[in-house]
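According to TrEMBL, the features are:
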type	residues	note
BINDING	Q98, V99, H100, T101, R102, D129, Q192, M193, K194, H195, H196	substrate binding site
BINDING	D244, H365	Mn(2+) binding site
DISULFID	C162-C176	disulfide bond
DISULFID	C266-C269	disulfide bond
DISULFID	C325-C348	disulfide bond
TRANSMEM	28-46	transmembrane segment
TRANSMEM	105-126	transmembrane segment
Amino acid sequence: MRGHGMLISLPNTGSTDRNRSIYCMRRIAFVAVWIFLMLKLRSFFFEPIYLVNAMRSVALHNDPTISQQIAKYNAAELVLNEDLFGPLKNDSVVIVVQVHTRVTYLSYLIGSLAQAYGISTVLLIFSHDYYDKDIKKLVETIDFCLVIQIFYPYPIHKHPKCLQDTLKSPAMRDKCNKTEFPYHNNQRSRAQMKHHWWWKANFIFDQSEITRYHSGNIESFKFKKKCLRDCYCISGLVLFLEEDYYVTKDFLYILKMMYKRTIDLCPQCNIYTLGRHGQRTPYQANCLKYLGDMRYAEVNVMPWTTANNMAFAFNRATWNNIRTCAEHFCSFGDYNYDQSLEHMSRECPEGKLINFSVKQTRVFHTGAW
């Protein structure tokens with residue numbers, strides 16, 4: 001007789017739950033790996049927006065925090081190498097370099113400045129319109145003179161750009177800048193060069209605690225014949241350079257000598273130029289040959305023109321005259337500050353510029369080669 005089987009429940013070992021948990025963990029791991037791979041692939045095809053070292057502009061939408069940081073940094077006026085060379089003297093030349101983003105050109109300019117005679121006596125100011133870590137670090141490596149870095153507080157990449165094909169009301173709603181002026185964005189980067197130059201000149205002559213009392217007014221030395229024999233006695237010049245210039249070893253000596261001889265050779269001269277466009281004299285390679293050529297020591301006197309606009313310098317007295325004619329400079333419809341200076345010199349008698357320039361250039365424009 002066959003007995004009836006009895007159903008007995010098996011003990012609960014948890015295998016089903018374990019299988020379910022393993023399955024869920026695998027799904028989670030798969031999703032995580034998939035997201036990670038997608039992010040990695042995205043980085044190959046899309047550049048990060050906020051790359052400080054990228055040579056391009058990024059709209060920061062008028063962030064007041066950034067403006068405050070720029071103002072705070074400029075006000076601090078951190079002077080590098082002051083422990084080596086001491087404070088700025090009233091007879092020192094101040095050299096101002098307007099910097100954008102071309103770090104390679106700038107490195108060559110710094111290299112040429114390092115070789116110049118008497119460079120340890122100057123104050124070298126780098127005025128930036130773009131923050132770049134590589135450029136900032138490059139400047140911080142300079143050890144041959146006093147150095148200051150300042151930043152233009154109104155760079156174009158700090159302000160959102162209006163689209164030209166956008167109606168006025170949407171543009172206003174997006175809070176872009178100067179919508180009421182059509183096509184104002186076409187020359188933004190170029191117009192910035194003029195605005196940057198005007199701001200830095202105002203900052204150095206009138207706002208900086210280090211340079212605002214750096215007079216160098218040649219009139220105060222007019223009757224001091226003994227003083228006139230010493231070119232270091234009548235300095236106080238501010239020399240304006242660009243990031244893509246290259247200077248000769250004697251550029252500073254020549255500038256001081258020209259300033260010293262102003263009373264004798266050209267009492268009416270009030271601006272000094274060391275460079276001319278188009279000249280590529282191989283001075284460094286044929287030093288002795290050109291030093292023996294008297295033409296290399298000749299100078300010109302003429303009204304200010306853009307033909308002699310490279311590496312120009314003037315003192316506080318000239319700046320005060322230029323500032324008096326600010327309306328002529330600022331309202332002139334050209335983005336070049338040298339063209340604006342020429343217009344101002346023609347139209348405003350108080351700001352008339354008489355140029356004292358070298359015939360053979362001491363400054364080369366490498367960016368044009």
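One is the number of the first residue shown, and numbering goes on along the chain from there.
Cβ from N, Cα, C; glycine included.
A map of TrEMBL features onto the structure.
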residue	record	DSSP (3 states)
Q98	substrate binding site	strand
Q192	substrate binding site	helix
D244	Mn(2+) binding site	coil
C266	disulfide bond	coil
C325	disulfide bond	coil
C348	disulfide bond	coil
H365	Mn(2+) binding site	strand
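Packing around C348 (disulfide bond) is summarised by its Cβ count: 18 other Cβ atoms lie within 10 angstroms of its Cβ, all protein chains included. Across the structure, D244 (Mn(2+) binding site) and H196 (substrate binding site) place their CA atoms 16 angstrom apart. Put simply, H365 is the one of the recorded positions C266, C325, C348, H365 whose Cα lies nearest to the Cα of H100 (substrate binding site). Here the CA atom of C266 (disulfide bond) lies 34 Å from the CA atom of Q192 (substrate binding site). Counting every protein chain shown, 19 other Cβ atoms lie within 10 Å of the Cβ of C325 (disulfide bond). All protein chains considered, the CB of H365 (Mn(2+) binding site) has 20 other CB atoms within 10 Å. Each of the binding-site residues R102, K194 was ranked by the number of other C-beta atoms within 10 Å, and first place falls to K194. Around the Cβ of C269 (disulfide bond), a 10 Å sphere holds 23 further Cβ atoms from the protein chains shown. A distance of 14 Å separates the Cα atom of H365 (Mn(2+) binding site) from that of Q98 (substrate binding site). Within its own chain, Q98 (substrate binding site) has S127, D129, M193, H196, W197, K200, F240, L241, E242, E243 as residues 6 or more apart in sequence whose C-beta sits under 8 angstroms from its own. The CA atom of C325 (disulfide bond) is located 32 Å away from the CA atom of R102 (substrate binding site).
Looking only at Cα atoms, C348 (disulfide bond) sits nearest to C269 among the recorded positions R102, K194, C266, C269. Between the C-alpha atoms of C269 (disulfide bond) and K194 (substrate binding site), the distance comes to 24 Å.
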